[in-house]
Each structure stands twice: as structure tokens, then as C-alpha cells.
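Copied from TrEMBL, the annotated features are:
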TRANSMEM  33-53  transmembrane segment
TRANSMEM  73-92  transmembrane segment
TRANSMEM  130-153  transmembrane segment
TRANSMEM  159-181  transmembrane segment
TRANSMEM  193-214  transmembrane segment
TRANSMEM  248-265  transmembrane segment
TRANSMEM  348-365  transmembrane segment
TRANSMEM  371-392  transmembrane segment
TRANSMEM  413-437  transmembrane segment
TRANSMEM  443-465  transmembrane segment
TRANSMEM  486-513  transmembrane segment
TRANSMEM  519-538  transmembrane segment
Amino acid sequence: MSGWGPEDDRTPVALAWLRIKRRAHRAQRNRDLGFILYAVVLIGIGWGSTVVYRTVHGLVLNSLHGNLGPALLRTLPAGLVLIGAALALLAARDGLWRGPVVVPGPTVSWLLGQPVDRARVLRPWFRNNALAGAVVGALCALGGAVLLAYVHLASFGVAFAALLAPGLGLPLLAAALGAAVERRPRLASLVRRLSPFAALALVAVAAQTVFAWLGHPVRVLERIELWSGPWGWAAQPVIRASGGSAPGWWAALALLAAASAWALWQAWRDAAAVPNAALRARAATASTVASVGWSVELRAARLAVAQATAGDGRRRLPRLPMPKRRALLVPWRDATALLRAPGRVGRAVLWTAAGAAAAGWATALPGAERGLMLVAALVLGYVGVATLAESARVETDDLRRAAWSPFRMSSLMLRHTVVPALAGAVLGALEAIPFALRGGEARWALLVMPLCAVPFAVAAVYGACRGPVRSDRMILGAPTPAGDPGIFVFLAWYWAAPLISVTVLTVTLLFVIAGSSPLNVIAPAVALTALLLALVRWQAGRLLKR
């Protein structure tokens, strides 16, 4: 209580007064949360019961007549390390904009300015968030125990006991890490600098997990990873309970317990010392994300989080030479924007590389599995190329930003397709080189992958011209035996661009994989690009009429 003495403490009085004033609001909030929970349970039972039954039935059949059990056992070391390390990275990034100690704006601006004990105000928020994470972790442990029991790797009791330690320890460690990032600006700056490298490490572990599933585990790496930190310590009891090799699992469990206890003790101290400036910024960001979430303005939420995690931005910005021709002005600005945001290019490389790997996997699968994997590959490719079209989204977020342009809005949006298309085609060509080196029909990937990037780029710009979210389409008032179809109409409108492009290219590429000439991809890709360009021109013209 800086600036106040013990005799000035008014914490009990202030908290009691707030409880009285918040009683009506708390009752309304509880009713709202109850209704949301009821709706989620109802939708889960109505739509998810069939999926759960079919999934469990498939697991039982695969465990009895397939190789699901051995494949899962091979995947456990790398897979569990991947989950634990990903949770650590997410907790650290979450601490940059929200964290476990996030309080409402009025609490920061009014209550913490009064003669109150900060610890009694702030620590309950940390405690509640940490307990919520532990409950979710226990539920995940329950689901994992059911999975291990169904594939006959361990009995339910043994599996649940082994999974409960990481299910409780990792969420508590994540909460402690988030509190440390909130409390220490230097640690937050370190998280910002190291996040790209941590993401690359996660991608490498994900690739290792896939190789282990396919029957090629890397035992040396697994041994190193299992002792590299809490993510590895938490995995060892589960591996041991499932019949795998984890000789020092008891030591790993002791290390996990000791690390969790120490981290919680340190986080309990940090929770009371988070600066007011950090609390105020996080309260504003969390309020923005919550408010736009109800209106399904996902981009606004993403921009708020990106702004909060970006740091102070004090660095030298590169710049390309300005072109002499007016026609190259928009591509020059887009290329300069990408040069100044290398993280965006890195994300595009990772997404398109994942899409290329999924496409290669799809060629080896039979029937419906091939189609599903090909859809996943094209969706990943679309996300990668769409990452490069951020400049178009910035122009349409606020149409006043396009006032610099000497072009009409429709022409401006068409010019915004150039750089994403070219950059996506280059990425596609680079990632097709391993396929081309294999020879045979795989060499056609040098044509197919860059060709798919062009309609994806145009589709991304069309999505940028979509305009404000039409949440009114979520409820049409047209009852059917399956309920109101409004949500499907809304999703079709929201994802129209990727749905059109992915559907057309999936059908075309399935024929190519089945034996058709790869040259047959050219005509559908050109027609799809022309259609999407026409839609971009039409939709961009409508933006100014709204």
C-alpha cells in the first residue's frame, strides 16, 4: 500500500461495499453464463453425440484390429512434449496482453487508487484463473485416460493417475509463467524476441511427432526432450503407464512437483506486484476482445491482441526504392509492408510448408482419406497466402486509409492481389522442389503448387472486401428439423472466398491424383482466378456505398 499506512487500510470496507453494489450485476452475469452453458451442452449433445459415438467406435475397432495402439505409443514422447511446450508458449504470449491477473477497468482506475491492500484485490484473480486452468487440465486428463483405456495401452485408473500430474502441474506452471510475464517488463521483452524461435522449435517437434506416428521415432531427440524441462517431465509418468520406456519417471515427477510448487509460490508474490500500467493496458485489451467477440468481429479482436503484444516498435524500418511508374505504387507499398513485417512472411512460409507436407501425405492415402487430407492441405495453403494480404485488410478496415491512393477502390483492391500472388507462387515453387527431386509424376508439383497460390491470393483480397460482419444472418427465423440454418448461412458468407477456391481446387486436384494430366489444373485455376477477380472488383465497389 504505497503512500498509505496500516491505520488507513480500508480494504474490508471497500470490498464489502463493492460486493453490495455488484450483487445485481453478478446475478445477471451468472444467469447469462448459465444460459451459455445450457446452449453449449444442448448443441454438444445434439450435434456431437453422433460424432463422439462414431469416434469411440472407430477407436475400439482400430485398437482391436489395427495398429492404433502401437502408433499412439510411438507418438507419446514427442506428442506430449509438443503439447506441454505449446502450452508454455501460449501462456507466455497470453501474459503479454492478458495474463492470469486481469482485472476490470474500474478496479484499476478506482479501487487500486484507494487505501486498500493490493494483494487482497489482485491475488483472487490469479487464484481463480489458476484453479480454472487446473480444472480444465483435470478434464483433459480424464479424456486422455479414456483414450488410453480404449486403445488398451493402460487401465483407466492407472492412466488417469499418470495423466493427473501433468494435467494439474502444467496449467499451474502456465499460470505462474503468465504472472511472471505480467510482473516483469524485461521478461515480457524477452518473450517477444524469442517467440519466433520457440515457434520454429514447436514446428520441428510437430514434424518429429508425425514421423513417430508413421513409424520413424527419433529416440535420441526424445530422450533429450523428456529431460529438457517441465514439458518433458510431465510426459514421463504417462509414457511409463502406457508401457513405454521412462526409467527415471519418478525423478521427473518429483521435479515437476517441485517446479510447480516453487512457481506457484513466486507467482503468488508476483500477483500482488503487477504494475498499475500493465493492469490498465490488459484490462483495456481484454475488454475490447470480449466486446468484439460477441459481435463476431474476429479481426478486431486479433488486431487488439496484436497491438498489445507488439512491444514499443523502436527499430529501424527497411524501405524499398520508390518506383517511377504509378502502376507499381501499390505493389511497392505491399512489398515494403512485408519487408517491415518479417514475422508475417515467416508465418506464411510455415503455413504453406505444412500445406505442402499435407499434400504429399494425401497422395499416399486411399479414398475419402485422400480427399480430406487434400482439403486440409489447401486450407493450410490458403491461410499461408492470405497472411501476405494484410495490406488489403488494412485499407478496408477504415476506408479513409485509402485516401492516399490515386486509384478507385475497385482498382486499388485489384492491385493489392499482385504481391500476395507473386510471393505465394514463389513460396509454392520453393516448397515443390522436394517433390520435383523425387521425379515421376511428383515433378508436376512445380506447376500445381505455384498455380494454386494465385487464386488463393485473389480470394484473400476478396475476403478483405467483405465489409462489416453481418451477424444478423446468424438467426434467420426459418425453423428446420435440424434447427435454424442461420449459422451455416453466416459461415458460408464469412468464409465464401476460401470455400469457393478450396472446393474448386480440391475437385480438380483429386482428378489429377487419380491419373488425369496435371495440365488440366490450368484451366480451372485460370477460370477461378477470373471469377474471384470479378468478385473483388464488384465487392470493392460496394464498400463505398455502405
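Cβ from N, Cα, C; glycine included.
Caution: TrEMBL annotation is automatic and unverified by curators.
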Segment proximity, the transmembrane segment (33-53) to the transmembrane segment (486-513), 3 or more C-beta pairs under 8 Å: no
Distant-in-sequence neighbours of the transmembrane segment (443-465), which means Cβ under 8 A and at least six residues beyond its ends: 356, 359, 378, 381-382, 385-386, 388-389, 392-393, 395-396, 413-414, 416-417, 420-421, 424-429, 431-433, 435-436, 496-498, 500-501, 504-505, 509, 512, 518-519, 521-522, 525, 528-529, 532-533, 535-536, 539-540, 543
Contact ranking winner - 193-214, 248-265, 348-365, 413-437 against the transmembrane segment (371-392), Cβ under 8 Å: 348-365
Of 73-92, 130-153, 193-214, 348-365, whichever stretch has the most CB pairs under 8 A to the transmembrane segment (159-181): 130-153
Folded-back contacts onto the transmembrane segment (348-365), same chain, C-beta under 8 angstroms, at least six residues removed: 199-200, 203, 207, 210, 373-374, 376-381, 383-385, 387-388, 423-424, 427-428, 431-432, 435, 442, 445, 449, 513
Same-chain residues at least 6 beyond the ends of the transmembrane segment (73-92) whose Cβ lies under 8 Å from its Cβ atoms: 153, 166, 170-171, 173-175, 177-178, 181, 191, 195, 198-199, 201-202, 205-206, 208-209, 212-213, 215, 217-218, 221-222, 225-226, 228-232, 234-235, 238-239, 242-244
